[in-house]
Every structure is written in structure tokens, then in C-alpha cells.
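Reading through the C-alpha cells given below for one structure.
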Amino acid sequence: MASRDLAESLLPGGGGDSAAAASSDSHDEYEERAYDSDDKVSISISDSDAEADGGGAPSRPPFSWRKLWRFTGPGFLMCIAFLDPGNLEGDLQAGAAAGYQLLWLLLWATVMGALIQLLSARLGVATGKHLAELCREEYPPWATRALWAMTELALVGADIQEVIGSAIAIKILSGGTVPLWGGVVITALDCFIFLFLENYGVRKLEAFFAVLIATMALSFAVMFGETKPSGKELLIGLVVPRLSSKTIKQAVGIVGCIIMPHNVFLHSALVQSRKIDTNKKSRVQEAVYYYNIESILALIVSFFINICVTTVFAKGFYGTEQAGNIGLENAGQYLQEKYGTAFFPILYIWAIGLLASGQSSTITGTYAGQFVMGGFLNLRLKKWLRAMITRSFAIIPTMIVALFFDTEDPTMDVLNEALNVLQSIQIPFALIPLITLVSKEQVMGSFVVGPITKVITWIVTVFLMLINGYLIVSFYITDIRGAVLRSSLCVVLVVYLAFIIYLIVRNTSMYSRLCSSTPKRS
């Protein structure tokens, strides 16, 4: 009885007899949901909405700036994954090593990322459930648990880099007074900021992230203004595709950093923060329409910030001796030595932008972790407990890294590469279920994607898998030593590829025929 009371106290709204009685009335009460009904933002309904729903063929109501404002928010939280410290490091290294040559790839990588994120939002709106929940319903328990484990690994890998990036910024701003591990502890406390803001409503949380994104945009725009990159070279870099053997690594880094597996799961959950009647087609059409607009606007902002970072380091360090060893920690110092101080030290401008990037991305990582854990495992826990659990997954390994590795140590570069590989290998486990689900009429209804969109998305997915395959092979050849370790990784790779093939063919007629021809055990 005591254990039951404890379990009820950890459930949202638990701890009372009335709550327990109410929850027993409906199975839905036991289903994990991204947002409780009371937490959702109300969308004003115009007269034209009522007319559209009243009779005849449902149609999307006319455009309204007021409604766009009500829907604005989830896309900007989503775009933070395009601006995390890992992306910033990829940008500065691409600029220093390749100059303006890879800007076209940054543009197209953002376009590919936009396609994936728009499909994720479409899935969440049309079904009223997020990707992790739908995976739990679509796949058998063993596959669901495997997908959850893979997604959690990707989250941990991303969070380590994000927390370390934030800790580096704190170290710079404190003049080296706060050590790296101290910065990790301070960053870990952002979990409480998240819980505090979430209690005041979704819009307050979105406003906080808007301030962080604006801080990044302002910081890197000021850097752009002080360093004055070439506008002509910038435009040529965006329009003319150029790629050499010397810049392959940076090119792979740009593409690999854009698609974050946990972000695909996150966006499908964030769009459910608005009250949308999924039983009325016009309301779903309207939500998809406005979410598409605000997501594209958010990604334009993120692209602008990434362009600023890349071109600043292209102007300052392309072709110099520092280009080969520049990273998050020494980047600000190099900028300070080259450009000095105009009205404010550029070192601290860089650190402020990096801190905003690290803090925003770690908090969204915590947010994504809650949805992933709750959706895959159907765990209904109170927000503070879920946040503490998901935060612990990343902070503990990050603290170990901070205590035993120096950011200027070459070993840290190997660790960063390993973390990039860890995230890269998880990409199929987000994209393949996404494409499978948005292509199923039983799941999407009339909002199922068309054949052209499906083909384009599969092309993008295969391209990303090939890019990340190159990254894995490169890491295997250069950084993995020892016959035993290499043999073990080969076995893991075979299992990995087998799981990917299973996810791809599971919904094909060939797989159905194979299952029907296999005799069942009595």
C-alpha cells in the first residue's frame, strides 16, 4: 500500500483519492501525453473557422497575423538544435579551413533539416501524438526499447557537447576563475530554470528561449560587423558549389551537425502545445500551415547566425597557421588577438553568444529527454522527476569528461569525434520511423504525404546515412586500435545494419509475406 501511495505521488496530479478514482475511469489517463490540456495554449477561432467546420468541404481559414503569433514558439525551440555548440564549432572550423567555400552546403543542409522538421511537425499535428508515442504503438516492444536506447544515447552525446560548450563560455567570462567542472555544475542547474519557467506556462518558456536566440543573433551579428567579411565572397559561396579533398571533413561536419535525432522527436511534441481539434480537418490544416511558416522563419534566423559564425572565421583565419587548431575555447582568444577591442572585447562577445547557445541547447535537450522517455516507455511521472532523471543521464558523464579531460588536450578532439559518431549513427532511428509513419494513411489520414515528398525525403535520408557512414568509417580507420576492439565493433555494426534493414522493410509487402509464411509456434 505504501509503494502504491509513493507511485501515485510521482504521477501528475497524483497523491489524492479523487485523482486515483478519476484516472480509473478511462484508459487514456494512463497514456503519457506531451502536454496536459490545461497547459496548452488556446488558439482563437474566427467566424470563418466555424463556417468551414459547419458544412461543405472543410477549408483552411484565411491568414491571420494574430494566429501566426499564437502558433509561434515551437519552431524557435526546434531551431536551437541548429545553433548548439557543436554546430558553432563546425561553423568556425569550416570557415577557418575552407573559407567561404562551404556556405552552399550549409544552405542546403539547412533546407534538408527544414524538410525533416516540417514532416515531424506535420506528424505531431495530424495525429495528436508525438513521434516517440507513435513508435511505441507502431513497433513491437523489443524494437521500441531499442529505439529508445538509441535516442537516449544520441541525447547524451549531444548534451555532453552542449554542456561542455556552456562550461567553456563560463570559464572565458570568469577569466578562468571558474574551472571547467564548475561550469558543468552551473550549467546543470539550468534544469531548475526550466522547471521554474515551465510552471508559469508554455509561452513564458518560449519567451525565455526567444531571449537566448536574440542574444546569439546580436552577439554574432556584432562580431560580423566588427570583422567585416566579404559580401561578394559570401554570395559566391552560397551560390557556387565548391568542394575539395582538403575540406571533406569540414563538409561532413556541417551536414552531420544539422540533423539531430532528438530534435526530430522534440518538434513532433512541441507542436502539441496548442489546443487543436484533430477531428476537424480545417483546424489541422490551419495548424500545419502556421507551423510551417513559423518553423521556416525560425530556421532562417538560425541560418543567419550560422552564416555569421562561418564568415567571421573565414575572413579572419582562412589560410592562416591557426586554422588547423581552432576550437570553441581558443576561438575567442584568436579573435581578440586579431581584432582587439572596438567598443567591447570581442572575446567576451564570443563567450556570451556561446553561453546562450549552450544554455538554450541543454535546456531543450532536457525537454526532449522528457518526451522521449515518456513516449517510448509510457512513463507518467511528475515534471520535476522526469527533468531530474533526463538531466542526470547527461550531467554525470559530462562531469567525468570535465574532470579527466582538458579542453586543449588532443584527447578531447578524439572524444568530440567519438561523440559526433555516436550521434550520427542514431540518425536512421529517427528518420526511418518518421518517414514510415507520415507515409501511412492509417496514421496520418488525409494528411499522409504524397509520393513526391516521400521520394525526396528518402533521398535526403539515404544521403545523410551515407555522409554519416563516411564519418563512421573515417573514425574507425583513424582512431580505433586493436584487433579485439575492431572485431567487436564489426559485430556491433552487423547488428546495427540488421536493425536498420528491419525498420526499412517492416512495412513492405515482402515482409508481410515472409511473416505470413513463417509457421507460428503453438
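Just so you know, glycine gets a Cβ as well, placed from its N, Cα and C.
No curator has checked TrEMBL annotations; they are predicted automatically.
Positions annotated as region 'Disordered' by TrEMBL: 1-59. Residues or ranges marked as compositional bias 'Basic and acidic residues' in TrEMBL: 25-41. For 103-125, 178-197, 209-227, 247-266, 287-314, 347-372, 384-405, 455-477, 483-505, the entry in TrEMBL reads transmembrane segment.
If you look at the transmembrane segment (384-405) against the transmembrane segment (103-125), you find fewer than three C-beta pairs under 8 angstroms, all six or more positions apart, and that falls short of contact.
Counting C-beta pairs under 8 angstroms (sequence separation of 6 or more), the transmembrane segment (347-372) fails to reach the transmembrane segment (103-125), with fewer than 3 such pairs.
Between the transmembrane segment (455-477) and the stretches 103-125, 178-197, 209-227, 287-314, 483-505, it is 103-125 that has the most C-beta pairs under 8 angstroms. Non-local neighbours of the transmembrane segment (287-314) in the same chain are 43, 60, 67-68, 71-76, 78-80, 82-83, 87-88, 91-96, 98-100, 102-103, 106-107, 110, 113-114, 117-118, 121-122, 125-126, 213, 216-217, 220-221, 223-224, 227, 229, 233-234, 267, 271, 274, 276, 326, 331, 335, 447; each lies 6+ residues outside the stretch with a CB under 8 Å from one of its CB atoms.
Remote same-chain residues near the transmembrane segment (209-227) are listed as 76-77, 79-80, 83, 301, 304-305, 308-309, 311-312, 315-316, 335, 339, 342, 344, 346, 349-350, 352-353, 356-357, 359-360, 363-364 (criterion: CB distance under 8 Å, separation of at least six residues from the stretch ends).
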